[in-house]
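The structure under discussion appears below in the form of structure tokens.
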Amino acid sequence: MVCCLTPCNSICLIYFSDGCINLFPCKVSGALCIQPCSPSFHGETRFVCEDRKWQMLTDACASLDVQSLFQPGDGAKYFGADDHGNSNCQADFSCIIPDILSSPAIPGNIADIVELLKKISLLLSENVNRGKMQSYSRIANHILNSSIISNWAFVKDRNASSVLLDSVNLFAGKLLLSNGSESIQEHFISTKGYSIHKNTSRKSFDFSMGFNNTGSITGRVVIPEEELLKLPKTSKAISIAFPTLGAIIETNQLDPVFVNGMVLSVSLPEELRHILLTFEKMNKLENIKAQCVGWHSTERRWDNRACKIKSDNISSVVCICKHHRRTFKSFSILMSPTTLRNAVLDYITRVGLGLSIFSLVLCLIIETVVWHHVTKTEITYMRHFCLVNIATSLLIADVLFILAAIVHNTALNYQLCVAATFFLHFFYLSLFFWMFTLGLLILYGLLLIFFKITRSVFIATAFSIGYGCPLVISILTVAITEPKKGYLRSGVCWLNWYETKALLAFVVPALSIIVVNAVVVVVVVVKTGRSSVGEGCKSQDLSNMIRISKNVALLTPLLGLTWGFGLATIVDSHSLAFHVTFALLNAFQVNSLRLGIVDEIYS
């Protein structure tokens with residue numbers, strides 16, 4: 001046994017020649033243990049301590065030797081060459097196929113095969129004929145088998161699946177077409193190519209491939225006729241289908257989504273920019289929304305800016321995708337488990353919005369009628385001025401919310417969706433900043449009794465906070481994110497989250513104001529409670545408790561504290577109960593605003 005223990009920020013590195021699990025107890029969370037492979041393999045296995053159990057982290061044990069399989073000589077001419085430098089293997093790589101296919105598809109061998117395919121793509125991709133492509137596909141097929149997908153989770157290089165995708169795309173893109181077409185089919189990778197020109201009628205690639213023992217899935221790539229008309233000369237189009245690669249990539253992705261169809265890659269002439277892709281869904285789930293995405297080859301992630309949905313039903317999705325050779329050439333569909341489609345939630349939202357708009361209009365009518373009766377003093381004028389602007393901002397935001405949904409559902413143009421999102425962002429922020437202004441006004445009335453501000457100073461300050469701050473934030477958000485097409489999220493007219501985190505421009509100010517206004521409520525409760533200190537009358541104590549409860553009940557929605565329950569939908573976005581509670585509480589906010597105005601009138 002060899003043991004090396006090095007403390008580093010509560011993380012230990014232990015090396016055992018006889019095994020981690022049996023010889024050393026897992027006590028320190030995050031501790032790493034390195035174990036060498038058995039004599040017939042080279043490499044090492046790493047374990048990490050989690051919940052007092054050793055969990056495999058990476059497995060680099062391998063039986064293959066890439067250097068012995070790939071021996072580049074002058075200009076990478078040799079591939080398994082003999083002592084004289086002669087080789088007939090370079091023509092189709094057939095000499096290495098038996099060694100590859102006889103090796104177990106364990107994580108270490110997977111990593112070595114990915115590295116081998118990368119080298120072949122970079123150094124031996126000239127004159128890619130049918131024989132070369134068949135051998136290349138057989139090698140790739142060995143590590144794309146559906147039965148070994150779980151092994152990819154322990155490959156040391158977390159980008160190995162992306163490297164494989166790039167390598168296959170590079171190699172297949174140089175496939176020579178004999179007689180104008182070519183088709184190479186393996187169980188888990190299929191390559192097809194056609195010669196195309198502007199007089200070609202709409203060209204399509206149809207794939208039907210096995211995924212597991214339950215059957216097969218289909219996919220289709222279509223080049224529209226209007227795109228083919230852009231071709232100045234006869235060119236070639238290559239498409240590759242991977243039924244399992246999406247699940248393999250998924251093992252290293254942190255987003256709460258899963259790939260629910262083939263990964264389809266295309267190699268097209270530069271002139272062609274848009275293609276139609278049809279994906280059959282592996283799991284036919286009614287209540288989960290689909291996204292069309294492209295694989296961002298440089299950032300190694302799925303990007304929803306590459307495609308948009310043309311149609312979506314329970315069994316398949318049709319996508320319109322942008323083809324850019326340097327960025328997007330591989331596409332698929334994602335299904336997000338965090339998207340909730342529920343009839344109860346939809347009903348509550350529609351009814352809540354209807355009641356909200358009705359109540360807000362009623363609030364403003366009441367204020368108009370009684371304005372001169374309730375604004376006789378400076379403090380009451382300021383208070384009602386804030387209430388009117390809170391009601392106005394929320395009313396406009398509710399109307400814009402409905403318009404944004406209409407814009408998205410009717411598939412109107414992108415610029416209109418950007419405009420709807422900008423104004424929706426602005427007026428919802430205005431709602432919060434006016435609630436913040438009301439909170440400051442309450443503190444002013446409670447704590448600064450001997451400090452007086454004029455009505456003109458208050459109005460100027462209130463407008464600067466209530467509308468000025470939201471305007472600055474909204475403009476900066478769209479100016480920073482929209483040039484990179486990162487302002488909108490996929491599938492809805494609202495701020496982006498996954499790519500640019502534009503949503504933080506709403507969440508951070510809103511939650512900050514909620515925290516400040518929560519402090520205001522605490523101050524109100526403390527100041528109200530002090531009035532009965534030293535008094536022994538039970539009726540006065542009861543009256544005081546009623547007054548405190550009434551203040552909390554009215555101030556909580558008026559100052560926007562109910563929006564704090566939105567945090568629960570972020571912590572557990574799967575919970576229907578959290579979404580329903582949040583919808584109901586924010587409908588209650590509007591009715592409380594109306595009650596607050598009525599209470600002001602009669603108090």
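Cβ coordinates are placed from backbone N, Cα and C, and glycine is handled just like the others.
Across the domain 'GAIN-B' (198-341), the DSSP tally of helix, strand and coil residues reads 10 helix, 73 strand, 61 coil. Annotation comment: TrEMBL describes 198-341 as domain 'GAIN-B'.
Residues or ranges marked as domain 'G-protein coupled receptors family 2 profile 2' by TrEMBL: 345-589.
The annotation transmembrane segment is assigned in TrEMBL to 351-374 (among others).
Among the features that TrEMBL reports, transmembrane segment is placed at 386-406 (among others).
The feature transmembrane segment is assigned by TrEMBL to 426-450 (among others).
Among residues of the same chain six or more beyond the transmembrane segment (457-481), those with a C-beta under 8 A of the stretch's C-beta atoms are 382, 385-386, 389, 393, 418, 422, 425-427, 429-430, 432-434, 436-437, 440, 487, 495-496, 500, 502, 505, 509. What TrEMBL lists as transmembrane segment is 457-481 (among others).
The transmembrane segment annotation in TrEMBL covers 501-526 (among others).
The transmembrane segment feature in TrEMBL is assigned to 552-570 (among others).
Residues or ranges marked as transmembrane segment by TrEMBL: 576-597 (among others).
Outside the transmembrane segment (426-450), and at least 6 residues removed from its termini, the chain residues within Cβ reach (under 8 Å) are 379, 382-383, 386-387, 389-390, 393-394, 396-397, 400, 462, 465-467, 469-471, 473-474, 506, 509-510, 513-514, 516-517, 520, 523-524, 527, 555, 558-560, 563.
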